[in-house]
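Working notes, beginning with the structure itself.
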Amino acid sequence: MSARLDKRMEEKNDAMKKTGDEVTVSEEMEKIRKENDRLGRLLLKEDVVNEGSKVATLHKEIMELKQQVIVKKVAEDDIFSMKQEIDQLRSSALAKGNFESKLDGLCTEVSRLKIQGMKDREEVEAWKGEALRPGKQEWQRRNRHSRWTATWIFAAIIREVDKWKQEYVKMKEMHRAASRETEVLKGKQVVAEGEVIKLKEQLSKVPAEESDTQRFMSGYGDHRDRGYDNRERRDRGRDGQDYREGGYERESRRCPIRCFNCDELGHYANQCTQPRRQRVSRPSSSTDSRGDRSQGKRSTSGELLESKVAEISKSVAAVCQYVEIEQQKKAMKERRKMEKKEAEERAEAEHAEAELKRKKKEEKLRRDAEKFEEVNKHLDIKVALRVGELREDVQEDVRFEIRETSNELCRTVARGKQKAIPLPGSDQESGASGSDTEEISERTRKLCISQKHKRGPGPVFEGSPPMKQPPRRTPRKVTKPAKLTERLTRAKAKRQENMPTPKKTPPSIRKKADVAGLGAVKRLRFKKKIMNDLKGLDALVLQNICRDEDITYNGKFESIFDIAVHRAQLAFGPESDEAASAEPDDVSTDVVEETTQSTEG
């Protein structure tokens, strides 16, 4: 070290002498001597230090180096984790790109929905005007149960518009969520960019620290930095003076300082800023062996670093692949979830549509049932009214037939005795016809005008109390008591003058009148039975019956009466023949009236 300082001082002296400034040269020489003395003292102190302290120092330096290696590993781990974070940020940036594309798609969908909503509003307004047009209202009232009416279409369009509105609100919410997520991703991207910048700064600092550490480690196997060897130490005393020279005069035979790394003058190899390289020549064999070992260590450390870098690159590639696989799985899962949700919505819509169809069908069946019940009710009312009218007609017909029969009997009685034409079997039927004759005569006794028709209520005048008068009745004529005379024949003769003598009706006439009355009653009963049988049949069955019996079909009720009349004619014959056979030729209503008047008198 002293030799180097001496050599440096000599070079400095030569340089100063060339300048020619003696004052500055002397000052500089003084400074250099002081520095040389200080360095000599330091070197002497280092020589006194024992080997144990050197070993302890070396152990301490080794521990410091281990700590630096640990710190370096921690830094490498941090670098690896930061690389992973960078990859994640890249993947998130890619996902962000996909998300932005999705966001653009949603924006286009929202714009399309807006246009569709405007079109739907225009269509709704058009249908509304069509529905409110005066010519359509009556048609809508007539066809209010129809499906394709303007009201139904208007309601369907309104439902569709509400559905699109809900879809638009949903898309708007998704757009807001996407915007918030985009803002969060932008913040994360800014933070990640800051982290990347910090990592780059740390990575730029790590190689400089590594070069300093390698430079420090390379100095352990090279003792040329000491600046002296055993010969120089032997020639120097404790105070650093040279025994041969006897003072602080330095040898002029020493060569200038040369760097063994770059072969340049002016600095040592441990101060060289250029990268280390393998040296060709060594000062001694010992240094060469140690230098070879240090170079081998450096080569092995470089290989280790390369292997670590390769492993890190492989791990980064594996992590990237894993992240891509996870993203694909996540996308697949999201797609399946969306498909499942769409399938559920589709199934729900189909179920709602089926439920709506079922409700419409039930409503239609209910309306049909109500309509059928209403028709049946009206039909029952009409049938009841018609049956009541029919009953009244039958009663009138029966009364008419009975009246005709009674009139016929009265005419027969008033006609007097006639020569009876005996009929075969009349004796046997006389007993049976006696009861019928008695029944008819019992009925005819009551066929007398004993009361006049009641007059209606009198007129009511406003502002006057009603007039209450007893009903006007014709008093019954009291039969006069029989005059008790001595000769009954006179009374009998007198009786013959007033009224004809009662006589017994011949069996032939009684049978003919009886048959006529009973035939009309049987005909009416037969008609009633047929109408009761036909009343529960359908219109199609009645049409078939009319077609089979050659009867014109004019409706259900008219066809029932026509069929009954037709079958009665087939069973009993025409009504005109029966009336002609039952009516006698020489009997008139005047005789019956005279008979009744005479009986009343």
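Cβ from N, Cα, C; glycine included.
So that you can see what the record holds, here are the features copied from TrEMBL:
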| type | residues | note |
| --- | --- | --- |
| REGION | 1-28 | region 'Disordered' |
| COMPBIAS | 1-21 | compositional bias 'Basic and acidic residues' |
| REGION | 204-247 | region 'Disordered' |
| COMPBIAS | 221-247 | compositional bias 'Basic and acidic residues' |
| DOMAIN | 258-274 | domain 'CCHC-type' |
| REGION | 273-306 | region 'Disordered' |
| REGION | 336-369 | region 'Disordered' |
| REGION | 416-512 | region 'Disordered' |
| COMPBIAS | 470-480 | compositional bias 'Basic residues' |
| COMPBIAS | 483-497 | compositional bias 'Basic and acidic residues' |
| REGION | 574-601 | region 'Disordered' |
| COMPBIAS | 575-593 | compositional bias 'Acidic residues' |
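Across the residues of the domain 'CCHC-type' (258-274), the predicted structure has a mean pLDDT of 79.
Break the region 'Disordered' (336-369) down by DSSP state and the numbers are 34 helix, 0 strand, 0 coil. Secondary structure of the domain 'CCHC-type' (258-274) per DSSP (helix as H, G, I; strand as E, B; remaining residues coil): 3 helix, 2 strand, 12 coil.
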